[in-house]
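The next block holds one structure in the form of structure tokens; read it before the comments.
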């Protein structure tokens, strides 16, 4: 039965949607700072991790590269922020006070230290880390260079791009010249002129364009 359905799909006139692979590719070397510190013998994820960056913003769902022993960083929060639902195999010893009956010596009750309930071992609810400050992401290996690269990228992003003023095209200059030649300074008439103002530009827009045209040295030329 399944084979017959497969044959029917193969005979279907609907073409299968095929995505071009190049449409999904990204250029990791688009930035000069990243390109200068890129290592060709490492993968994209390895390079980004070393530079203190991330290749994806979504949560990791699996298939990540396992780190070698000793490469775990104390400053890394990747494992600290993970919530494990599994029951721990080894329980850490804790201290508690015991109240006994003075006559029989039997234990009446056990008094534990006041501590918030944390059955899922959520580090965000842990009292042990309340006094610790955030120490940043990433590995200790190459942390100095990573911080320098991140600082350079942040400085580059903070610099405002050079703003270039829009230049009027030749056709726009000719259009403004026709308006000024016919109506002079009467901007209201320019707005109502359906022949010279078919796009229904507003009075303030035409006034701004005319002023910019005059500042650039625009003058009405006499017809030959």
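Cβ coordinates are placed from backbone N, Cα and C, and glycine is handled just like the others.
Owing to the predicted nature of the structure, the values given are computational and were not obtained by experimental measurement.
These come from Swiss-Prot:
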REGION    1-27  region 'Disordered'
COMPBIAS  8-25  compositional bias 'Basic residues'
REGION    110-173  region 'Disordered'
COMPBIAS  125-142  compositional bias 'Acidic residues'
COMPBIAS  148-173  compositional bias 'Basic and acidic residues'
Secondary structure content of the compositional bias 'Basic and acidic residues' (148-173), with strand meaning DSSP E or B: 15 helix, 0 strand, 11 coil
For the compositional bias 'Basic and acidic residues' (148-173), sequence-distant contacts whose Cβ falls under 8 Å of one of its Cβ atoms, 6 or more beyond its ends: 31, 33-34, 37, 51-53, 209, 212-213, 216, 218
